[in-house]
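**Q** Sharing a structure here in structure tokens format.
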């Protein structure tokens, strides 16, 4: 394979992703919560033992701790992107490595997006749409995102004027 | 001018049938489920009542529907609860389809569908007007745009038409690969059979009529019976869809009409074609037949805009057909890449896993499921064939991808139509230096992707690079029209 694209995402992407994964992991709490509610409202003999609930909670806590700590970092390490006048080159994926090339002249529009979490870390996603597909470069610095967006749009315009 | 007016009252009926048609499967399920209970007697009332309600609904929407043409602008007002007004200027209109469904035919009427490049094309459908009015409407809407003159001059020349004769239609129906859908329908019906016939009745039937049969042969017979029923269903549905199929090659578009009960007509401008696919079904390949399918952008049809260009064509005729109808898709090939020996291993392994899963399920659930082991060699054969058929060819400005799932598909894609290229690698592939190559083209709203598995990583990377780097190409004049895909004004 050709060498990976040269740029990496912003380092603070890791922190932002940790936060968003942590929020996603909050849903794990629902599982023991469900058991607990079931226990309190069901007739006595039918309930689950406290043991089960505690051990499930512990396992879930450990798992989500690992996910929150390691996954964003690994994901960050595997993300590369590069934009030049001919193409947008993306590489991502931990197990399944996906390499995507978008000819710049195919780009229909580019936009940057920011949720509350990304904003608090000064980050933004760049979304690139063609007539058939949509691609995302996640979590770039705000300034970088702006530059990347403008660059792609400029190259796309140039390519069209060329022809 | 066309003053504001309603459709023909038959539209009420047509509206009702449209709703039934759109929700046919849901209704079928509801009827089956609903009739399961003890109060099965009420089913008929239910059906009748629903139909009346739909008719009333259709009537109201007929009352609310008005259309008019003013200075080349089509205005449609409609909506039972929400009132909608739709304005379409004639130079935005791409296609005016005149179709006649069963109901329209009975009353000698037609339906007119007006389509633009954007979405929501379903809105602009006039369900029932007389043919004369339809032609007048079409003329009025065509007046503003220059396209009129173009098509008129085009029509004066004798347009080439290709038709599917009855013999070919029967062959197409016999070998159509629609068994999958049909099988599921038959399966659903079979599973409901015990509601109509009780177990004792079945047993008695078996005892009296088939005394010498073992339970094994009964299982075998029911399997064969289901396959046969599915085949008949797919046979009939193919005949209905492709009856009197005709392609007309006009100056700048293709005109396709087909259908037994409901005549469907599509118009596909040449500059909207994004890719061409040749599909060789398992049943058709041995006889040297294939089907041609085109992907087009910006034309409002369901299912991501694949339309059948020709349902059945022999391989010898295929080349001349492509030459005459879509000549730019006939390209000399100067480079071809097949799958390496390393790839074969993964093709076969995938089949082994797949068949093991199927065997496990069938074995544990069906009597005599042991025999499902027979599919393993068949699947391996299929895997080997998949490996043999997969290849990537290229020439000039065109890439040709071939692969097989069940049927062999060959996609011919112009380089300047490619929207994005992707290379995928899972850890097992990384170890063997293999990767999947995926090419995206525009089609409908979502686009369509074509995938060849287990190419050597180096080859995939070369193709990826070649496809995405088109600036040093000679085809630049062609590229201009592909840019304007989304702006409706691009149609001269």
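Each residue, glycine too, has its Cβ placed from N, Cα and C.
Okay, so TrEMBL annotates it like this:
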COMPBIAS  B:481-492  compositional bias 'Acidic residues'
DOMAIN    B:62-140  domain 'YdbS-like PH'
DOMAIN    B:242-320  domain 'YdbS-like PH'
DOMAIN    B:388-453  domain 'YdbS-like PH'
REGION    B:472-492  region 'Disordered'
TRANSMEM  B:12-33  transmembrane segment
TRANSMEM  B:45-65  transmembrane segment
TRANSMEM  B:169-193  transmembrane segment
TRANSMEM  B:213-236  transmembrane segment
TRANSMEM  B:347-364  transmembrane segment
**Q** So what's near the transmembrane segment (B:45-65) in sequence-distant terms, Cβ-Cβ under 8 Å and 6+ beyond its ends?
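**A** For the transmembrane segment (B:45-65), the nonlocal Cβ contacts are 6-7, 9, 11-16, 19-20, 27, 31, 34, 76-80, 83, 126.
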**Q** Take the domain 'YdbS-like PH' (B:242-320) and average the pLDDT across it for me.
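**A** Mean per-residue confidence for the domain 'YdbS-like PH' (B:242-320): 81 out of 100.
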**Q** Using DSSP, what is the helix/strand/coil residue split across the domain 'YdbS-like PH' (B:62-140)?
**A** 24 helix, 39 strand, 16 coil
